[in-house]
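Annotations for this protein, taken from Swiss-Prot, read as follows:
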type     : residues : note
REGION   : 1-29     : region 'Disordered'
TOPO_DOM : 1-276    : topological domain 'Cytoplasmic'
REPEAT   : 30-60    : repeat 'ANK 1'
REPEAT   : 64-93    : repeat 'ANK 2'
REPEAT   : 97-126   : repeat 'ANK 3'
REPEAT   : 130-160  : repeat 'ANK 4'
REPEAT   : 164-193  : repeat 'ANK 5'
REPEAT   : 197-226  : repeat 'ANK 6'
REPEAT   : 232-261  : repeat 'ANK 7'
TRANSMEM : 277-297  : transmembrane segment
TOPO_DOM : 298-307  : topological domain 'Extracellular'
TRANSMEM : 308-328  : transmembrane segment
TOPO_DOM : 329-415  : topological domain 'Cytoplasmic'
DOMAIN   : 371-421  : domain 'DHHC'
ACT_SITE : CYS401   : active site, S-palmitoyl cysteine intermediate
TRANSMEM : 416-436  : transmembrane segment
TOPO_DOM : 437-461  : topological domain 'Extracellular'
TRANSMEM : 462-482  : transmembrane segment
TOPO_DOM : 483-620  : topological domain 'Cytoplasmic'
REGION   : 576-620  : region 'Disordered'
COMPBIAS : 580-591  : compositional bias 'Low complexity'
Amino acid sequence: MSSEIEVVEEIQSNPKENGESSSKGIEEESLKNDVYTAAAYGDLEKLHRLVECEGSSVSEPDALGYYALQWSALNNRVAVAQYLIEHGGDVNATDHTGQTALHWSAVRGAIQVAELLLQEGARVDATDMYGYQATHVAAQYGQTAFLCHVVSKWNADPDVPDNDGRSPLHWAAYKGFADSIRLLLFLDAYRGRQDKEGCTPLHWAAIRGNLEACTVLVQAGKKEDLMITDKTGLTPAQLAAEKNHRQVSFFLGNARSLLEKRCDGSSPLGRLSKLGLAPVLWIMILLLLLVYTNSVVLASNLPKLTTGIGALAWLGFILATAGLFLFYRCSRKDPGYIRMNIHDPQTMKDDEPLLKIELNNPALLAGNWTQLCATCKIIRPLRAKHCSTCDRCVEQFDHHCPWVSNCVGKKNKWEFFLFLLLEVLAMLITGGVTLARVLSDPSAPSSFGAWMSHVASNHVGALSFLLVEFCLFFSVAVLTVIQASQISRNITTNEMANALRYSYLRGPGGRFRNPYDLGCRRNCSDFLVKGYNEDIECHEEDATQRPEGISMMQMQRNPNLQNGNGHVAIDVNPTHNSQSAHVHSANCSHSHNSKSKSDNVPLGLGLGLSRNPTRPVVSP
């Protein structure tokens, strides 16, 4: 049995093709002179004339059952909405589907109108006939800023289920709005909530094939989230495979395998696994130093050390030992963990909110929702990142190094770089000393073949030391050069790897731009003296970014074309056909190809979720 969310979009047809006359519905001329159109367009002067001179009512719905206040809310007409309220408009008036003006304001994220409505007494928890609150609608359309506003300032419930048991997180996961998912998880939305079909948000993201949504949910979740089955007995990975979303199926299956193999940190084996490869590297360096000392520096079958060679030999030993000390500090030091903001349920009061969000936080004002960490429950700095291995957010995250069993970040990158630098210098010196000592053996034969045989039989330790050092030197040297280059440009390994994803690394025109690069000399001096590079705020605005503001170019109303919730189709782009979404009720079904999905968000509020039990199972 197949599991599916269906969104059927109807394209507005041409009246000529259907043989319809221009007289169908309400005349266009009359539309231009009613309070509803004036409210939608924000024509306050015309609205004033219609209400105060012609006696038009603002408290009555139009022929389709919608209020003027709803139209003004949809298009963020604040002045018009204020006028309508002052002249009898009811902020809690509902249309035939139970929707209020607040529902309509959530469609396009009209925060200003929503704030006005709520200040005038609008119910933030008002539900329509489908159980949708404003938070559901905002999640359906990816209006993250709207969600943040009504939850943080007006205590809207970010995890309330609708009539089908689906929370805003279900909707955001299905629609693939990763930023909304981050915010909802940040607000402690329940990842494991199952709707009437037994589906969690991860199930719906998998069905739709939204890889980014699945990634955010998995990173913030646990192994159990991947193992939950719906009423058909399928996990998210199996549903993704059924829908032929192979990349999502592979990701979910691989994530489950990794989490299942991860040992419990409280067990002896788990504590041992947390040590990583640091003990291996530590033992390797100690063994190399031991072999170097016994088989090269103090070797009895080699000539006595001269003053110059002896000084170099012990300098290499000292550098390697100092590198070991820095290696220990790097592996044990706090790399820049950011304090987690997780409440203790036992000490929380019943009326205390799970999390308090600062509305004036620069990250939220700028719309940088990727700075929200759903695991640590913090708004992390711009250059910080959550490490999946350490399960903590790290300031100026560079990378997680398994060889030091720790992250490399703002507070330990100095030790990490100097450790690499000292070890490279030590390998150069000790390798050169070893080669010089072996070549100076007076008992060695002159022919190359005989000399090799002599070295292999009489200087096994020195030869082994040279071979191991040769293998290690190039990889460590390359890593050191890369780190030095990044330090000189004040950029991290993580930023280099994700330069195309991070908006703060893009300048005008989308080209790469590092706002933190103060020049090679300043970058290097800051790092060597302070131990880290400074973060410089980037005050330049990207003109190419789409604003959160609401605008409406043109509007057309067709009384015969409605969506399932009763919203009239609105054409905001006259060069494209308008669309409306059809709500699937329990009594209707439509065939739908899950492989072809529209990335456009329907303009109506009706985005009903439905399962089609009659569809055959699609094999991957």
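The backbone N, Cα and C atoms fix where each Cβ goes, and this holds for glycine too.
Describe the structural context of each listed feature in the structure shown, including burial, neighbouring residues and relevant distances.
Within its own chain, the repeat 'ANK 1' (30-60) is flanked in space by residues 66-69, 71-72, 74-75, 77, 79-81, 83-84, 87-90, 93, 552, 555, 557, which lie at least six positions past its ends and keep a Cβ under 8 Å from the stretch.
Mean pLDDT for the repeat 'ANK 3' (97-126) in the predicted structure: 95.
Outside the repeat 'ANK 5' (164-193), and at least 6 residues removed from its termini, the chain residues within Cβ reach (under 8 Å) are 5, 130-131, 135-136, 138-144, 147-148, 151, 158, 199-202, 204-205, 207-208, 210, 212-213, 215-217, 220-221, 224-225, 228, 354-355, 357, 369-370, 372-374, 377, 601, 607, 609.
Cβ atoms under 8 Å from those of the transmembrane segment (277-297) belong to residues 305, 310, 313-314, 316-317, 320-321, 323-324, 327-328, 331, 402-406, 423, 430, 433-434, 437, 459-462, 464-465, 468-469 of the same chain, restricted to positions at least 6 beyond its ends.
Same-chain residues lying 6 or more positions outside the topological domain 'Extracellular' (298-307) and placing a CB less than 8 Å from one of its CB atoms are 313, 437-438, 440-443, 458-459, 461-462.
In the three-state DSSP reading, CYS401 (active site, S-palmitoyl cysteine intermediate) counts as strand. Cβ-based neighbour count (10 Å, all protein chains) for CYS401 (active site, S-palmitoyl cysteine intermediate) stands at 22.
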The transmembrane segment (308-328): which same-chain residues, six or more beyond its ends, come within Cβ distance under 8 Å?
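Residues 278, 281-282, 285-286, 288-289, 292-293, 296-297, 404, 415-416, 418-419, 422-423, 425-426, 429-430, 432-433, 436-437.
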Grab the same-chain neighbours of the repeat 'ANK 3' (97-126) for me: Cβ-Cβ under 8 Å, and only residues 6 or more beyond its ends, written as numbers and ranges.
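Same-chain contacts beyond the ends: 67, 69-78, 81-82, 85, 91, 132-135, 137-138, 141, 143, 145-146, 149-150, 153-157, 160, 548, 550, 565-567, 603, 605.
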According to DSSP, how is the domain 'DHHC' (371-421) divided among helix, strand and coil residues?
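Counting residues by DSSP class gives 10 helix, 16 strand, 25 coil.
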Summarise the repeat 'ANK 7' (232-261) as counts of helix, strand and coil residues per DSSP.
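Counts, helix then strand then coil: 23 helix, 0 strand, 7 coil.
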